[in-house]
């Protein structure tokens, strides 16, 4: 109650999350205490076992006796045990003889201490004393005696029955018979109680029924009495399967034969008694069961049915056993209702044998009707089981078909996935090949780029060397040759510009037009320079003609008359041999020349310089014209596409090679001249 009060107060005063957190903490704390308790319990058990002490009961050390004064507030054993351990303890029994706890289902007669459990003894060993349970394979004999048959045994005069219990332990060693007499009303009450129980219980249905053998033994041969002995031993049990139709036919034939013998032949009383006894022997051999046997078989059948068919609500064997039990009780009740005081048959009191036969026939008919009803119920159950089996088989076949379809679909999807995987593998291989190819192309381009870089560096170094050489040449010249050096510088710059223009022509085609216009401008400038030089040359020739008209007038007239279409360059070239001869003469006899001739020599040298300049200008002009035509051709070829660019690249490479050759030649010439 304290815990409930605490829970109610906590739930009222706080919110739900706080309650959950508090109880979570309390559960963890409880688990910790349980762990400590189990740890100390384990330590106590190990301590006692290690030192050989007596084990302590786990339920004895309780402090509620000290803290709780009132007994109703103390904890009981039921509250301290869980359901699993209570069920485990409930399945055990205490043996007072040996002082042990053992399974109650497997106890011998000495350990169980209960007479009702002796009928459940079977094969195996006792769970308490390990004694074999097969030492007493069947229970005590139950002997049913009528008032007439039991005279030698001292039965009662009021027609009561005498029950004799024969113990197997005393059998064969001068045993004593313990007798107890019961009135007939006792058995009537038992029969009525059995009927009520049969009506209240529900039968369970299964497919086959085992037959149990019953044995009859004679107790006293002198009196000619026969007793019904029920033997439940597994070793003496005769398991024979006989159909009910044959039994009914045998019973009917025996009854009919016996009736005819009684009516026609009127045989002796002893023969009549023997026939009735045989008839009872045949009937009770297949139908008569004791109460303990039927209960045992019902329990066994229920367990077997639960194991084999847990979903079936009824069992054939249980119903069949109940029917047989009911028929056996009806036989006893019919015999008792006759009022002759006999349990088995009524003719032993001096009744009419025909009446007995009629009663037996009625009994047989009742049994046959009961058997027919039973067979009808069996057929219904069989048909129901057949229908359920057919439905189950149909369901199984449908499930198998669905399983096959699912397997086929799974295989199809698996094939599709495998094919897709193959396609993916092929695509990956192609991509790998492409990647390798691209890598190779990339490496090749990198190599070409390195080659081009090396060539560019080489060309730059050559251009620098050329510029250095030109600068050195310019510094070595005199002040008078400044103009020539400037022109040479311009020519070198123009050469460099040409190389750059050719490169730009390959890379940038839009610059070609501008370069052509620049060439035209340079051409015009060069033509102007040529005109100036020609004018100077003409003035110088006029002066010379005035001084020495005999030599140059003829040559000039021939040049002007015979070669009117020639340019000033051809005229200058024609004068070169004379100028060279004059230079040689001047070098050889420079010291011996008179002072009057120094002026003439200076004028001749100036003429030679002018002629050289004119020749160089004309050469540059021709080069510019050729370069202009080349650029025009390059522009026309560049318009053709990739082939034109390839051709331009090849031409540019050849031009560079030629330029390097020219530079090397000029450098060698300069070195030789300096030497």
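Cβ coordinates come from backbone N, Cα and C, glycine included.
Listed as Cβ neighbours of the transmembrane segment (17-37) (distance under 8 Å, sequence separation of 6 or more from its ends, same chain) are residues 7, 10-11. Feature annotation from Swiss-Prot assigns transmembrane segment to 17-37; the stated evidence is sequence analysis.
What Swiss-Prot lists as region 'Disordered' is 225-274 (among others).
Per Swiss-Prot, the feature compositional bias 'Basic and acidic residues' maps to 238-251 (among others).
Under the heading region 'Disordered', Swiss-Prot lists 286-315 (among others).
Marked as domain 'GTD-binding' by Swiss-Prot on the basis of sequence analysis: 355-453.
Among the features that Swiss-Prot reports, compositional bias 'Acidic residues' is placed at 474-496.
Summarising the annotation, Swiss-Prot assigns region 'Disordered' to 474-497 (among others).
Annotation comment: Swiss-Prot describes 542-565 (among others) as region 'Disordered'.
Look at Swiss-Prot and you will find 582-605 (among others) tagged as region 'Disordered'.
Among the features that Swiss-Prot reports, compositional bias 'Basic and acidic residues' is placed at 596-605 (among others).
Feature annotation from Swiss-Prot assigns coiled coil to 605-633; the stated evidence is sequence analysis.
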In this predicted model, the coiled coil (605-633) has a mean pLDDT of 74
Could you give me three numbers for the domain 'GTD-binding' (355-453), the DSSP helix, strand and coil residue counts? 99 helix, 0 strand, 0 coil
